[in-house]
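A.B. asks: The following block contains the structure, expressed as structure tokens.
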Amino acid sequence: MEFPEHSRHLLQCLSEQRHQGFLCDCTVLVGDAHFRAHRAVLASCSMYFHLFYKDQLDKKNIVYLNSDIVTAPAFALLLEFMYEGKLQFKDLPIEDVLAAASYLHMYDIVKVCKKKLKEKATTEADSTKKEEDTLSCSDKIECLSDGSSHMAGDLPSDEDDVEEEKINSKTDLATESGNMWIRLSSDSASIPQTGGEVDTHTTAAGKTADSPCSSTGSLSHRSATSMGDSTDVDCVLDLSVKSSLSGTETLNNSYLSSQEILRNSLVQVKIEREASCEDNDIHTSEYDIERNTVKENVSSNIRAPYEPVHLAPIREDSVLRELDHDDKAINDDMITPENERVQMEANIDNSLLPYVQNILSPAGQIFMCPLCNKVFPSPHILQIHLSTHFREQEGIRSKPTNDVHVPTCSLCGKTFSCMYTLKRHERTHSGEKPFTCTQCGKSFQYSHNLSRHAVVHTREKPHACKWCERRFTQSGDLYRHIRKFHCELVNSLSVKSETLGLPAVRDWTLEDSSQELWK
């Protein structure tokens, strides 16, 4: 017989005991915050606590967590999850919970946090894109309203005059920029034409479009015979214009509106100019707009009287300013990570460049030689370089001349490349131990021995077993553990790799491992 609610009831009882402090056998310290809990629950939910209590169960009543990585609110949330099985972020930053879960090896929580961060980033990107689209649309609408404000103020107020003027003729003036349309319907007589006819090119659907980027910048007109088809076209604005409005003023206002639309639309403009062109050629510069628009050419007889000549220099100056801005942006982009990499490699020893080029990354860490201040991309290459400083000649070197001073040991007569290696060598004769531990007072001959000893006091276990995840303070303890518990596994893997032609076990990378393990 099974009791499905047993696990939930057990968690509830454990949570109540934790809040009451009943049977709590450990205390977790995160900075100044104290958390009472049960070892069994902590070890069951976190691999960090499992390994922490595995070795010395009776001597670890207090657990110190790194407050720089794990914050008290984040650990409190994870502790509630351990006892209740519910994860409620509330107002806590997801990044803090992710850092704490990674530190405690709670991989399920890590996956959830990464998923939430990814969704958050996607949502923010979508909202930013919508805001940009909204702003661009509002800018275009403002341009449309500004361009038509002059004509809207001259609308007829007398209905009888409007009815009387509708009988005469009707002319539509269209302006296109991207996907935004303006249609100014004239209910009065068409603009007087001084001669010639208007050349129009219709699309497959029968619609007429203007070219806002013609060589003279003027607008084309639709003929009066297109009055019947104008009602079938969707318009953004449909404004009526009195017959008293002069043709020059109408075209100038329309030209201003079209230029505002062109300035705010996302259209790429290319200017083809010759260095030897005359001043008149500036007004006839060829504009190629990379967009699928229908172009109209207005005959010279019509566009000459209404050419807004005073706007041509303004249009030319604005386009030139944009080109100068693009050139400046290109020059700013010349400083790239690739250039930084070239500058960094320039400081590296030329003899090592063939080895460095395949290793150095644009954001890689660099290592500096303390003797000659040369920079290297990895500690391995730095060690190779240091060997050139510390290399000792075989046997005893010949006695140097009085003009050259070579570091020489006064006891055994050995010569060295620098004073640093000579001082290290002299400690073997004197037994000097200049490096002393501040915790226990133990002394060591070399600094790396002191660093290895300091781990004993910090209780860190940087050496991990690849097979059982046990961690050790010293690398020698890890070697002995592998020989004792995983020797058969290592041998079987070695045989298997030789049979299948796989890389040998001695080629595998272990944390802080040594070839002495396989001797």
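All positions are counted from 1 along the displayed chain.
Including glycine, each Cβ sits where the backbone N, Cα and C put it.
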A.B. asks: Between 297-319, 320-342, 435-457, I'd like to know which one Swiss-Prot lists as zinc finger.
C.D. replies: 435-457
A.B. asks: From the ranges 45-67, 68-90, 344-366, 367-389, grab the one Swiss-Prot calls zinc finger.
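C.D. replies: Checked against Swiss-Prot: zinc finger maps to 367-389.
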A.B. asks: Which numbers of helix, strand and coil residues does DSSP report for the zinc finger (367-389)?
C.D. replies: 11 helix, 4 strand, 8 coil
A.B. asks: Give residue numbers and ranges for long-range contacts of the zinc finger (435-457): same chain, 6 or more residues beyond its ends, CB-CB under 8 A.
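C.D. replies: The answer is 424, 427, 473-474.
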A.B. asks: Taking only the residues in the zinc finger (367-389), give me the average pLDDT of this model.
C.D. replies: 79
A.B. asks: Taking DSSP states H, G and I as helix and E and B as strand, how many residues of the domain 'BTB' (24-91) are helix, strand and coil?
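C.D. replies: For that range the per-state counts are 29 helix, 14 strand, 25 coil.
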